[in-house]
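Below: one structure, written as C-alpha cells.
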Amino acid sequence: MAPSSRFTAAGLLAVAGVASAFYIPEFAGVVGPGFVSIPLSAPKNTVGLRKRDGPDRTATLEIPNLKTSGYTIKIAIGSPPQELVVAVDTGSSELWINPDCSRSSRARNMTGTDGNPVMVVDSELTDPVECRKRGRYDQKKSSTADTSKLKGQTIQYGDFTTVEIEYVADTITIGGLTISDQVFGVATKSNQTGIGIMGFGPSHNGFNFTRPYPLILQSMAEQGVINSPVFSLNLGDYDADAGSLTFGGVDTKRYTGKLATVPFEKFSRKLQDGSEFQDTSYYVTVKSMTLQRPDGSTKTYAEQAFPVSLDCGAGANILPDGMATEICADVNGTMITTDTCEVPCRNRQKPGGITFALNGQDITVPYKNLINEQEHEGQEPICILMMSESAHISPGILGAPFLRSAYTVYDWGNGNLHLAQAADCGSNIVAVGTGENAVPSGDGECGQEGGGQGGGDANKEGEDKKNAGLMVAANWALVGLGSVAAGFIALV
C-alpha cells in the first residue's frame, strides 16, 4: 500500500471542513466547502457493431463513429430551473445548448479496405430520437434570462460538426450550486450532433478567461463557489459504472502514486490563409510509447517526441500518421477501414497495454481501456482498437481511451496539468486552496500500481461510503460526441 497522502498545498481546507459535504439528490452531486463533485454519465451504445449479409451476399460491417466520445452531466438553466443534459468536453471552451435534432444524424456508408461496404451508424449522442429527450432551454420561460450583446459565432469542431450560436446570460445550476449571469450559447443551427456541449478547455486567448466573457470555471471561482479555477476529471474504467467531474477539489482515493505536475504547452497552428497563431489548449508532449503485447514482449514507438491534446471528447487516441497501423499489426489486429483496427476480443482480458511517457509522468493504459467491445442481436462481439491516426490532425489527441487510465487535474490559475495513474479505493475529496500551490502535491491513497483504474480495497467500501466526498454513481460508458478537438471559431 502506498502511504497516505502527504499534502504540501497551501490553504487547503481542514478535514473537518471537508466532512460537511452533502448529497444533492436532484442533481446527484456532492457539495462541500470549496468544491462540488458530480457524476459523469454516458450510456453504452446500443446500436453497436455488427456484420450482416447485403443483397449481393457481401458482408457489411456497421460501426459507430470511433473518433467521438461523450460523457454527460445534468445541469439546470434559468429561473425556474430548466433541466438539460450536456456533454463534457476538454477539447473546446464554449457552453452551448439546444442542438437541431432533425440534423443530428451522422450515419453514412463507406467502403472497407477489403472492398466490402461499411456503414457508420449513429451513437446515442447523435441519434435524433435520443436528442429530443435531453431537454430544451426556453429563454422566455426564465425570469433571470438576459440576451447578451456579444455577437453570435460559428463553432467548428475537429470532426466537422458545426454549430451557430447566439449568446444569452442566465443562472446555471451544476451539482446543486448556482452560478449567476453566466454567458452561454443557444444554437440557432447545428449539424451532426444531438447534444449540447459544455467545454472546459481554455479559450484561444489562453488562460485569460475574462475575454470576451468569463467561462464557467472562472465564474465559479469569481463567485466564490470554488477557491480556485481548478477541476478534476475521473472517467473510470471502460467497464466501470461510475465517473466524476469535480470542481475545486481533488479526490485522493481515485489515483495511485505521485500526482505529477506537467505544465501546459503552446502549439503553433496554421490557418487556411497560411498565417499562424499560438493555440492554447491542454497540450502535453509524449516522449515515447511502449507496447506490452499480449504474449508479454514489448516494443517502443515514437522515438521522436510529439505533442498531443488531452480531449475527453475524443473516443480514440489519434496518433501521428502510420503509428496506429503499426500498433494494430503488433497486437494481431486487422485494419478494416483506413483508420479502424479490429482485434481479437480475447485481448481485452490479457495483461499488458501501452505506457505513455509524458514529461514527468508515465501512464499505463491496459487493453481493457484501449479496446471497444460491441455486440448486436446475439452475434459474436466485435472488438475495435481505439487508436487512430491522421496525417492532417496536428498535434495528436489523447482521448477517452487514455483518460480512463489517468486521473487529471486542470489548474487554470497556474496553467498546469496534474496527473497520476488512475485507481479506485473509495472517495476522499479535498478542496484546493489558492495561489501557486493550490493543488495538493501528494501521493494518492490507493495502493494499486499500474494497469489503470478498477482496483481498490473492498474492505474499505463501507467506510468510504460514509465519507463526505462520496460520489453517487451513474451508469456510463463510451458513446459518440460531435467534438473531437477544440474547433476553429469564426465570427458570424
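Glycine too: its Cβ is placed from the backbone N, Cα and C atoms.
Here TrEMBL flags 71-420 as domain 'Peptidase A1'.
If you look up TrEMBL, you'll see D89 (among others) marked as active site. In the three-state DSSP classification, D89 (active site) falls within a strand.
As annotated by TrEMBL, active site applies to D311 (among others). Counting every protein chain shown, the number of other Cβ atoms lying within 10 Å of the Cβ of D311 (active site) is 28.
The disulfide bond annotation in TrEMBL covers C345-C383. According to DSSP, C383 (disulfide bond) sits within a strand segment.
Taken from TrEMBL, the feature transmembrane segment covers 468-491.
Taking the disulfide-bonded residues C345, C383 in turn, the residue surrounded by the fewest other Cβ atoms inside 10 Å of its Cβ turns out to be C345. A gap of 29 Å separates the Cα atoms of D89 (active site) and C345 (disulfide bond). The distance from the Cα of D311 (active site) to the Cα of C345 (disulfide bond) comes to 26 Å.
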